[in-house]
Amino acid sequence: MDHLAHHYHAHIAELNRRVAEIVSREALSGLVIHSGQPHRMFLDDINYPFKANPHFKAWLPVLDNPNCWLVVNGRDKPQLIFYRPVDFWHKVSDVPEMFWTEHFEIKLLTKADKVAELLPSDITNWAYLGEHLDVAEVLGFTSRNPDSVMSYLHFHRTTKTEYELECMRRANQIAVQGHLAAKNAFYNGASEFEIQQQYLSAVGQGDNEVPYGNIIALNQNAAILHYTALEHQNPARRLSFLIDAGASYFGYASDITRTYAFEKNRFDELITAMNKAQLELIDMMRPGVRYPDLHLATHGKVAQMLLDFELATGDAQGLVDQGITSAFFPHGLGHMLGLQVHDVGGFSFDERGTHIPAPEAHPFLRCTRILAPNQVLTMEPGLYIIDTLLNELKQDSRGQQINWRTVDELRPFGGIRIEDNVIVHQDRNENMTRELGLA
């Protein structure tokens with residue numbers, strides 16, 4: 001933890017620098033960042049699981065306590081208004097005593113609706129950052145999530161501090177242990193539900209602590225890109241396993257995918273080819289490279305796989321140009337990663353929020369940035385047998401280029417995705433996922 005504390009000092013200094021710059025530019029007194037409030041289920045007395053505002057948890061790892069506030073201006077010591085009610089029904093969070101607390105002036109809030117007493121006396125020139133705009137209006141904020149401030153913060157959030165990079169390494173390290181446990185469970189005959197339980201046990205995190213709903217897909221379920229059903233019964237025949245699952249560390253996410261074949265066969269060979277292609281794409285990452293160019297290169301590699309494995313005929317570039325590869329690889333190559341799984345800033349050209357749209361032929365690409373040092377991105381090429389997309393090819397002449405017999409052979413396996421989390425450095429790439437032990 002001392003290593004992390006050392007980096008945290010510089011992290012807070014950088015966040016203060018960013019705030020000082022944007023509030024000066026926008027003639028604001030400062031920012032008031034709301035952790036959020038509980039959301040009550042309809043006609044019930046139970047709340048949905050609480051998720052802290054990512055702008056709040058960028059400053060400190062308070063992840064599960066609603067009704068907290070940060071008051072920052074980039075000059076004075078940041079103030080943390082920490083919610084600690086008198087409550088015999090629920091567990092009350094302890095007053096924080098960690099390495100980061102020395103960087104904050106901490107005030108305790110016992111009643112959520114009394115926060116105005118602890119906020120700056122004249123709030124009119126402070127900007128509110130958070131979800132609950134109705135609360136901000138009642139409190140007197142006239143500036144609520146201003147575009148100029150949000151665009152500035154989102155643009156710079158793509159450049160990670162050393163503290164953030166270390167948190168993400170640890171999130172990867174935790175997730176790798178879960179992936180190894182899940183792989184072992186698959187080969188030992190576990191159901192989707194049982195694999196999920198073994199994953200969560202290995203990472204030591206619950207359903208609401210991991211950064212997103214895990215995808216645990218056996219056989220043809222792997223063709224459903226965001227499959228989260230978790231069947232309790234095993235399939236009649238065990239063919240394949242796709243796992244897309246991450247872990248959290250101090251609010252930062254990992255996002256890792258692997259695909260396995262139960263036996264040595266054509267599908268297993270296709271996984272090997274995809275793994276090789278993915279590593280080649282990662283080798284192409286460097287500062288100055290346009291991420292959309294990497295995505296287009298992925299389509300070229302998918303096209304070659306379609307030819308090599310007799311899924312399609314023709315030439316590779318023609319398969320890309322006709323949109324045939326998009327039927328087999330319909331999603332983007334990856335995205336920014338950080339406080340959020342699909343982290344902000346992936347389309348930002350500059351601090352003003354100038355939008356770089358995805359290519360018209362690839363609307364699901366989640367990042368169009370030019371790569372720069374200290375960015376963290378996922379690299380997740382895939383190839384799937386998705387009938388709804390392949391049926392579109394049957395409607396025109398493109399269907400004549402598809403070897404439907406091979407498609408039928410591979411359909412029960414669902415699909416393949418391989419995803420690593422990569423830090424772009426000035427002179428190298430750091431593949432956290434591989435370097436921390438997941439082949």
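Glycine is no exception: its Cβ is also placed from the backbone N, Cα and C atoms.
Annotated features, as they stand in Swiss-Prot:
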{"type": "BINDING", "residues": "Asp244, Asp255, Glu419", "note": "Mn(2+) 2 binding site"}
{"type": "BINDING", "residues": "Asp255, His335, Glu380, Glu419", "note": "Mn(2+) 1 binding site"}
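In this structure, the C-alpha atom of His335 (Mn(2+) 1 binding site) lies 10 angstrom from that of Asp255 (Mn(2+) 2 binding site). The highest number of surrounding Cβ atoms within 10 Å, among the binding-site residues Asp255, His335, is found at Asp255. A gap of 10 Å separates the Cα atoms of Asp255 (Mn(2+) 2 binding site) and Glu380 (Mn(2+) 1 binding site).
Separation of the C-alpha atoms of Glu419 (Mn(2+) 2 binding site) and Glu380 (Mn(2+) 1 binding site): 4 Å, rounded to the nearest whole number.
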